[in-house]
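Structure incoming, see below.
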Amino acid sequence: MARKFSMVAAVFVAVLGVAAMFQGTSAVTYTVGDATGWGIPSNTDFYDDWNDNKVFHVGDILVFNFTTGAHDVAEVSTETAFDNCATAPANLLFTRTTGPASITLNRTGDHYYICTFGTHCAAGQKVQIEVEMGTSPPSTTPPTSPTPGASPTPATPTTPSGTNSTNTTTSTTPSTTPSSASSLVSTLSLVFVSIALVLFF
């Protein structure tokens, strides 16, 4: 009886230890373009510059802030389609037409996002995201409040519908949310530790 109690206690302590170890694992939410949001940028390098010092991981979330009907966000399948702003259905993996659009990065490698409206992509409304394995470090700065009515400086004054584009934005500071990848790792770790304890004690 004492041996069974010891085994249950050991499993409980191991489960608590593994859970505590994975407590800090989280995903980061990035607002593409920060306060500018997702729109026609003032220069064609804007989103490349925004992307420069960021490291993206599986489970991170991209938020594209744009006005529905004025912009969209589509992931294209290849770098060539990205470079050429190719919007043919064969090049599109998906398109989100309602803003703001949240996209969870679910695989490693390069991801290519463009706006399919008119010449928006050719004017620089596109971003390439390189995704790595692992987890992002938690944010050390609390997120700021949304800033309604902010809008990027457009390269052309109107959208194809003839109206000015306006974007509302959210936090410019990454915030953390639990990652499904980290939850899976945590769960599998608990299962393996529990099995090992049962087999060896």
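Cβ from N, Cα, C; glycine included.
Nobody curates TrEMBL annotations by hand; they come from automatic prediction.
Dumping what TrEMBL says about this protein:
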| type | residues | note |
| --- | --- | --- |
| SIGNAL | 1-27 | signal peptide |
| DOMAIN | 28-133 | domain 'Phytocyanin' |
| REGION | 133-181 | region 'Disordered' |
| COMPBIAS | 139-157 | compositional bias 'Pro residues' |
| COMPBIAS | 158-181 | compositional bias 'Low complexity' |
| TRANSMEM | 181-200 | transmembrane segment |
Helix, strand, coil: count each for the residues of the domain 'Phytocyanin' (28-133), based on DSSP.
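Its residues fall into 17 helix, 38 strand, 51 coil.
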Mean pLDDT, the domain 'Phytocyanin' (28-133)?
95
